[in-house]
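Below: the structure, in structure tokens.
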Amino acid sequence: MTHASRPTDHQRLVAGLAELVERRLDRPLDPDLNFFEAGLNSLALVELHDEITTTLGIDLPATALFTHPNLAALARLIAQGGAPARADAARRRPVAGNRRDIRARLREGGR
């Protein structure tokens, strides 16, 4: 592989994120296609957010997949340092608990 044909860090990040999303969709995803247009819903994005933060070991605002609604935009956010490395796992616990509550409410119809 020549230097020119090697994937960039951004391309590798997009490919890694694509793997996570494509497992949910069970098909390939264009990096510029909006997550909702691809068939994901709000609950799927919240679950995907959890998977991304756990897999990559990063802090990422829960709104990131809504404000950066495709693979390319999300990868840019992460690459630009919009999601610094997690200092410790304890910081995540309260947020994860809140997300569980939100998911439970979504399953119950928003009550």
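Counting starts with 1 at the first residue shown.
From the backbone N, Cα and C atoms, a Cβ is placed for every residue, glycine too.
The compositional bias 'Basic and acidic residues' annotation in TrEMBL covers 98-111. Taken from TrEMBL, the feature domain 'Carrier' covers 4-82. According to TrEMBL, the feature region 'Disordered' maps to 86-111.
Confidence over the domain 'Carrier' (4-82), given as mean pLDDT on the 0 to 100 scale, stands at 90.
The residues of the domain 'Carrier' (4-82), classed with DSSP into helix (H, G, I), strand (E, B) and coil, number 47 helix, 1 strand, 31 coil.
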